Amino acid sequence: MTTSTNNQTLTQVSNMTNHTLNSTEIYQLFEYTRLGVWLMCIVGTFLNVLVITTILYYRRKKKSPSDTYICNLAVADLLIVVGLPFFLEYAKHHPKLSREVVCSGLNACFYICLFAGVCFLINLSMDRYCVIVWGVELNRVRNNKRATCWVVIFWILAVLMGMPHYLMYSHTNNECVGEFANETSGWFPVFLNTKVNICGYLAPIALMAYTYNRMVRFIINYVGKWHMQTLHVLLVVVVSFASFWFPFNLALFLESIRLLAGVYNDTLQNVIIFCLYVGQFLAYVRACLNPGIYILVGTQMRKDMWTTLRVFACCCVKQEIPYQDIDIELQKDIQRRAKHTKRTHYDRKNAPMESGEEEFLL
């Protein structure tokens, strides 16, 4: 009786603890939405690659720890954006062997990038907090070498935290089913859901809300308003994270309560599965549009990304200047350089903060 109950629990939980789109219905849905998925993949890939290229190419000399965290956050979003359509296309063309690969691959991409992105967001908020509140006192501690070390640690931590979600699952009966022992099949799925709720949602939001509140109070009381734009960008990033991941985490929380209470209702189960799929879709949309938030809100980021885009566009398209116009072009270039030098001197003279304080987030 215990074995059958555990098997029933495992069957009921298989859809819940699998938080990526792996069921047969999703493969069929991909047939109808393939164009939209690939369009979002192209847009998300372009925006995330543009962010990464801007940080590595345009800002390589004045890169800050915040830029390092944003770059790796874009890498995590890029893995989610690229992973979904390619895994589903592979499943379409190799139906016999690919379901196992898709089951493990999608779970690995989803959870590793989830935990890594959370770590980078937390460090981004803490870095902004240190810059605004502590300022020069932490310049020796706050450097790119330490940020790179933290990035490596966070990626390793994300792989370890996501390991149960892709190593303990296999494709069985058209579903990505968790292979748990009979002794752990009742409580281990609840543990996984709770871990995602706390480590992947509640704790990061609480920490980022605390640091944001402290930064706002410090700026209002002690600093000028020129730092507020950094907080605007950070606030939009945090709010988008909380909004887009809320349905997914709510479904996990409801499923944990359902398992602990021992309630097995088909209607409730279908509602939770639907919420999980909606949450997964919103997470995918957020990974595609997250760089757009930087472009729309961050003035400095928008300028740097636009400059990078123009540089690479000019490299791809050769502009030939007629021989008789070379002197004119040289004179125009000298005038532009002189004008830029005067403007830079004026900006530095009247800047409210040092030029080294200017961050990619602004």
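Positions of Cβ are set from backbone N, Cα and C atoms, glycine also.
The annotation N-linked glycosylation site is assigned in Swiss-Prot to N7 (among others) on the grounds of sequence analysis.
Among the features that Swiss-Prot reports, N-linked glycosylation site is placed at N15 (among others), with the record citing sequence analysis.
For N18 (among others), the entry in Swiss-Prot reads N-linked glycosylation site.
According to Swiss-Prot, the N-linked glycosylation site annotation covers N22 (among others), on the basis of sequence analysis.
For 341-362, the entry in Swiss-Prot reads region 'Disordered'.
Under the heading topological domain 'Virion surface', Swiss-Prot lists 1-34 (among others), citing sequence analysis as support.
What Swiss-Prot records for 59-67 (among others) is topological domain 'Intravirion', and it gives sequence analysis as the kind of evidence.
Mean pLDDT for the topological domain 'Virion surface' (91-104) in the predicted structure: 63. According to Swiss-Prot, the topological domain 'Virion surface' annotation covers 91-104 (among others).
Per Swiss-Prot, topological domain 'Intravirion' is recorded for 127-148 (among others).
Annotated topological domain 'Virion surface' per Swiss-Prot: 168-193 (among others), in sequence order, evidence recorded as sequence analysis.
What Swiss-Prot records for 214-233 (among others) is topological domain 'Intravirion'.
Annotation comment: Swiss-Prot describes 258-274 (among others) as topological domain 'Virion surface', evidence class sequence analysis.
Taken from Swiss-Prot, the feature topological domain 'Intravirion' applies to 299-362 (among others), supported by sequence analysis.
If you look up Swiss-Prot, you'll see 35-58 (among others) marked as transmembrane segment.
Summarising the annotation, Swiss-Prot assigns transmembrane segment to 68-90 (among others) and lists sequence analysis as the type of evidence.
The transmembrane segment annotation in Swiss-Prot covers 105-126 (among others).
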Who are the chain neighbours of the transmembrane segment (234-257) in space, where the CB to CB distance is under 8 Å and they lie at least 6 residues beyond its ends?
13, 16, 19, 121, 124-125, 128, 190, 193-194, 196-197, 200-202, 204-205, 208-209, 212, 272-273, 275-276, 278-280, 282-283, 285-286, 290, 293-294, 297, 361
Near the transmembrane segment (194-213), which residues from the same chain, at least 6 beyond its ends, have a CB less than 8 A from one of its CBs?
19, 111, 114-115, 118, 121-122, 125-126, 128-129, 161, 231, 234-235, 238, 241-242, 245-246, 249, 252-253, 256
